[in-house]
Each structure stands twice: as C-alpha cells, then as structure tokens.
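Here the structure is laid out as structure tokens; the discussion comes afterwards.
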Amino acid sequence: MSTEPNCPFSGNARKHTAAGAPSNADWWPNQLKLNILHQHSAMSDPMGEAFNYAQEFKSLDLEAVKKDLLALMTNSQDWWPADFGHYGPLFIRMAWHSAGTYRVSDGRGGAGSGNQRFAPLNSWPDNVNLDKARRLLWPVKQKYGRKLSWADLMILAGNVALESMGFKTFGFAGGREDIWEPEEDVYWGSENTWLDDKRYSGDRDLENPLGAVQMGLIYVNPEGPNGNPDPIAAARDIRETFARMAMNDEETVALIAGGHTFGKTHGAGDVKHVGPEPEAAGIEEQGLGWNSGFGTGKGGDTISSGLEVTWSTTPTKWGNNYFDNLFGYEWELTTSPAGAQQWKPKGDAGAGTVPDAHDPSKRHAPAMLTTDLSLRLDPAYEKISRRFHENPDQLADAFARAWFKLTHRDMGPLSRYLGPLVPKEQLLWQDPIPAVDHKLVDEQDIAALKTRILASGLSISQLVTTAWASAATFRGSDKRGGANGARIRLAPQKNWEVNQPAELAKVLQKLETIQKDFNSAQSGGKKVSLADLIVLGGCAAVEAAAKKAGQDVKVPFSPGRMDASQEQTDVDSFAVLEPAADGFRNYARKGLEGSAAELLVDKAQLMTLTAPEMTVLIGGLRALNANVGQSKHGVFTKQPETLTNDFFVNLLDMSTKWQKSATSEGVLEGRDRATGELKWTGTIVDLVFGSNSQLRALAEVYACSDSQKSFVRDFVAAWNKVMNLDRFDLA
C-alpha cells in the first residue's frame, strides 16, 4: 500500500475544514451555542479597532448623498430596468424588508446592522430580487465608503425614494453600524424548508419570538394564510405580526396603504423559471440570485413573488389612489400569470387605468392582494382605512410617523441618532430620558454617598440585586433598557416578579431618602439622580464584598444618569423587557427550568457579554447572594456576601457527587461522595459551568488557587460593563 501523500491537485486531494466536515453542532445538536457570545469581533471586522463610525458619519455631506440617490432613482439600468422608469418602489421595499424583520419581544432583527447583505436574509423568498436593489446602490456606497454604512444607506435610500415621489418623510437618523458576518443569535424558526410554518400550535398561536407567519417571510403571506385567499383570516395574521413589530392598528394600516401606493409586485410567469437564491447560486453569478429563464428575466418578464399586482394609477407618485381603488371597486378572485391568488375589479371595471411598468403602449386594471382586502373587510381596519381615505392629510402624517418608527425602532435612545435630518420631536417609543440639567457629583460626593449607603442598613445582596435588576434589562439588539432612567421604580418594572416588588420597595425607599437628604443639602444646583444612586449602591456593595474577601478595589462609577417619569414610560412597550428567566439571579418562570441554561446564554448575548464575562458574573453574583428570593441554589460558599471564587472551587470539587433532585424540577443536589451528606443545591444554570466543556474550562481558570485576585478584577470589569451598557454618552 502506498504511503505517498496524494497530489493536492488530483481528484483525491485531502479535504480541509473549509470543505465542510461535520461540526460539533452536527454531532451534538443540543449543546449550548456559546458561539453567539463571540460574534462580530475585530477578527471579522475590516475597519480596524480605531474606526469610529459615528465620527465618520458626522463628516458626511448628507445632502450630496441624497442628491446622488435622487439621480439614481430614474437612471434605469439595462441589466435591471426600473419599473415605470423609477427605482423608488424597489428601494422602499428594500428598506422596509431591512427594517421589518424587527420583533419587539427580543429586539432582534431590524435595520440596525445591514444584515440584509448576509444569509439567511439575503436569500429569503420574501427578499427575491432585493439583491438587485443593493447592487444598484453600490456606486453610492463605493463613493462614500466608510462614512456611510450599508445599514444607513439602505434606509436613507428608502427615504429618498419616498421623497422623490412626492412624499414628505418625518426624518432620518444615521448611526447604524454594519456587521461583517451573518448573525448567529437570531432565531428565525425551526423549519428547514422555505415557507414552512411549523411555528404554529393550537388555534393559530404563533411561536415566540417569531414575527412572521412562515419561514422566509417578513410578515404575512400576501395570498392569505397558507395561500388561502381569506381577507378576514389574513387580517388576524396581519394584526399579530405587526403587533410583534410594535405597531398598532393605525400604524399597520398606514404602512400597508402608504407602501402599496407605490410600485408593483412581479409574477410574469411560473416561478419554476427562477433559479436559486444568492447563497445557492453559482460563483459566476457573483452574489446575485434568482436568475430567471422566463423571457428576458427582467423588466416586464420579472418574477419575484409570483403575484402580478399594481395597486395605483400613479405608482410613482404619492397620493390617495390606493384607497380610491380599494373602496372604488368590488373585487373578485383571480390568478396571476404565475398562478398566484390575487384580486381584480369585478367585470372589466378599471380596465386601462393603470400603466404598464415597461411598455407605454399597454394599460391594465388595478389589482389587490388578499392582505389589501383585509383593510376593507376587517371592521377595525376598515374604520381606519375609510378615515384615511376621507382625510389624506391624516394618512400622510400617520404613514410618515409609522415609516420613521419602522426604520428607526431598533436604534435605541435619541442620543444615538446622528445627522441634520433627525426630527426634533421626541417620541414615546424612543423611551425618552430627561437631559442632564444639574451639576453632577464629584469624587468627594461619591465617597460620602457610598458611606451613607453602606450605613443605611441595606445589605450587600440588596444593593447588588437592585443595581443588577436596574441595569440588566438592557438589550444590545435594539438598545433598549438599562439603568439610565431608573425605570425600575416605575410600572411595569417595579411589579415584575423577578424584581421582588416588596423587597425592591424597601430598598428604593431608603435610597430615595438618601437622595433627598443629599440634594437638599447642596448648593449651586448639584444633584444626584436615583438612577445614579441605584448603580452607586451596587458598586459600593461590590467594594465592600471584595474588602471582606481581603481585597481593596475601586469599582468605576460614572455619574450622569437621569430619572425618567411614568409619563415617559410606555407600560405596554416596556412589558416585553420582563425576563422569563435571568440565570444571573437564578430565576426562571415555572416550566422554563429545563431550558434555563439556554436562556442564560440568550440573555448574556442580549447584554453583549462574552462567555468569560458571563462566567465571572455568575460566580460573583452567587457569592454576593444575589439570587431572587434569597434562594441558596448555587451559593456554593460558607461566607455569602463575600466576593470570593468559592462558587468555582466548590463546583469543581470532585469530593461532591451531583444528582437530580427527586422533588424540585431543574434542581440538583451535591452530596459528599463518602458520606452522602447534602452539601449544596444548584440549578441547571449553576451546574452547566461544570458540565459544558467550554464553560468548565472557563470555570477552571477562576477555581485555581492563584485566581482570587484575577477573579475580583474580572468581576469588577464585567460589573462595570453591565452598569454602563446604556451609557451611550460615555462612548
């Protein structure tokens, strides 16, 4: 038998990792997906660590960009001709589909990162031919380079498209930074077939956190639920999916009517003529997909959704003709040339009133989607639609505001908005916080306040738990939540089970007394906000706990938070931030105990934590006795409220044998191997740091005999990160 290596250029060349060997996830599909904690690092980012997009964007001549985009709108290209001689409707669809993936439940999706450039979104069935829209934008992106992200450009192009067709938009903010690899943390559904809908159970109950009815769609099936052309049933789907994007009925009607004022859908022929999506297309396609063999494959022969609908007689001009047509005709079911279910005026009504997108010698009748008929046949939608029809100015205002909300919902607070086009009006969904209007506390004040807090009778665990509860609502997905605003004292957060309302009220009462006493004793307008005081209390407690462990540390603290009012807090909007589980506080709602480890990783990802940061925080918070309800699960120490590495030392102690509790779901018992004596109890969240090989490797670092100092150092750094997650003013 020959031992000579195969020639690397022969057909028997060895395969390498990039050729697609089975991954660990293929072998063990149920293992924790810790990779979601290490996305978008400097290793995948070509811009360099010194790159500051906000500064680059501020130097951008936005009016020049808009001028270039305006010229592009009517500069039709032979390789992808513009419908009606205008690319505006295509760019509106691109921007809408970039933003429309947002779901309020976990804040993921949305337009904030330019993720439409990558799989799976770039290849979703609902995004057919949006690859062409981005290629049309490439000369603009190429011209302005690092000053203008793809994420901002896609939304700006949608705005300019609307303005170029006579619509006045509400405004535009830049500040969206591009990612450079696909997102691994977003759960788009369990289906492995496009347009499948295993996400439903019971009486059409849509799985959380999903915001679309089928795999690969943005919202709903335009033909109706599973292709059933029932406008009333479709209205139910519309209402559910738009609500999951934080839109009410009026905003929903405005968005559908406003968007469908422009452009058309494409179903010139059978979809069997359409080639594979971009991620499956051949290398010669250079990232484009859906190459069609029907006729020319473009222009009048374009196939996208399979539906062939033009709603308005003026598809490149803002107006009220969408509602004129919706209410002006009686509608009957028909099929597109591709066989898709759609609606036409009964008889020959409306014939010749709608222009052809590419042949000026042809005219057509208007058409509607099943989901358009929902706006006429659903009683609540109809009432709004008729009001908009009779009051076009109300439609224009509602659409402008809803479009702005759609395209900016995941950008976070107003302080992150960049550029001269940011509207002055502050909106409730932006979670407003008052601007700093007083002199901030200095180092001497901070030291005095710490002393007062620690002498107040509040325990280390009370102070730590309250600060954590205030800060840990932050979501990096849509930049909501966090300690700024002190909304933990307001509804709904003050009533959340995880925040232990009765205990929280006691802590807040004492902190408010300290705040009042301090502020009343000051001159020159100096004040401390309760938001700052809550965080400072946690920092003081961490320092005290470290001192008990024999280490003097100074936990960083940056004043400047302000206190929001109840009027500035939308209770329903903030309700979605309530955690079903918070493994850092060893909390999970009943029934979720078995998936607590996965929920911990999900929360850590939303808080932008790495696996090492998550690990050290768990160990520290257990030592600080910060569990909900003062539960002893995972408090593997004989000296609670002392910042030691005991959690890791005792978790990895081989003299302890672990077994599942016979009486408590999700709880394990650690017993002495020799005597059987019960030593500790822990949850799945605690024990996963010993069972998962990657987390055990991290736990071992902090369990070593020389790791106490590094443990405290790393805990303080991670704690400081969490306390400042929403301090965009410090960046």
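First residue shown is number 1, and so on along the chain.
Just so you know, glycine gets a Cβ as well, placed from its N, Cα and C.
Keep in mind it's a predicted model, so treat the numbers as computed, not measured.
Taken verbatim from Swiss-Prot:
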| type | residues | note |
| --- | --- | --- |
| REGION | 1-24 | region 'Disordered' |
| SITE | ARG93 | site 'Transition state stabilizer' |
| ACT_SITE | HIS97 | active site, proton acceptor |
| BINDING | HIS260 | heme b binding site |
| REGION | 339-365 | region 'Disordered' |
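Across the region 'Disordered' (339-365), DSSP classifies residues as 0 helix, 9 strand, 18 coil. Tertiary proximity for the region 'Disordered' (339-365) is limited to same-chain residues at least six positions away from its ends with a CB under 8 Å from its CB atoms, namely 81, 83-84, 223-224, 227, 229, 264, 267, 270, 299-300, 305-310, 312-313, 315, 325, 329-333, 372-373. Neighbour count (other Cβ atoms within 10 Å of the Cβ, all protein chains): 24 for ARG93 (site 'Transition state stabilizer'). DSSP classifies HIS97 (active site, proton acceptor) as helix under the three-state reduction. For the recorded positions HIS97, HIS260, the ranking by surrounding Cβ atoms (within 10 Å, all protein chains) places HIS260 first. If you take the Cα of the residue listed as 'active site, proton acceptor' and the Cα of the residue listed as 'heme b binding site', they are about 14 angstrom apart, rounded to a whole number. Mapped onto three states, the DSSP output places HIS260 (heme b binding site) in coil.
Residue pair ARG93 (site 'Transition state stabilizer') / HIS260 (heme b binding site) shows a Cα separation of 10 Å.
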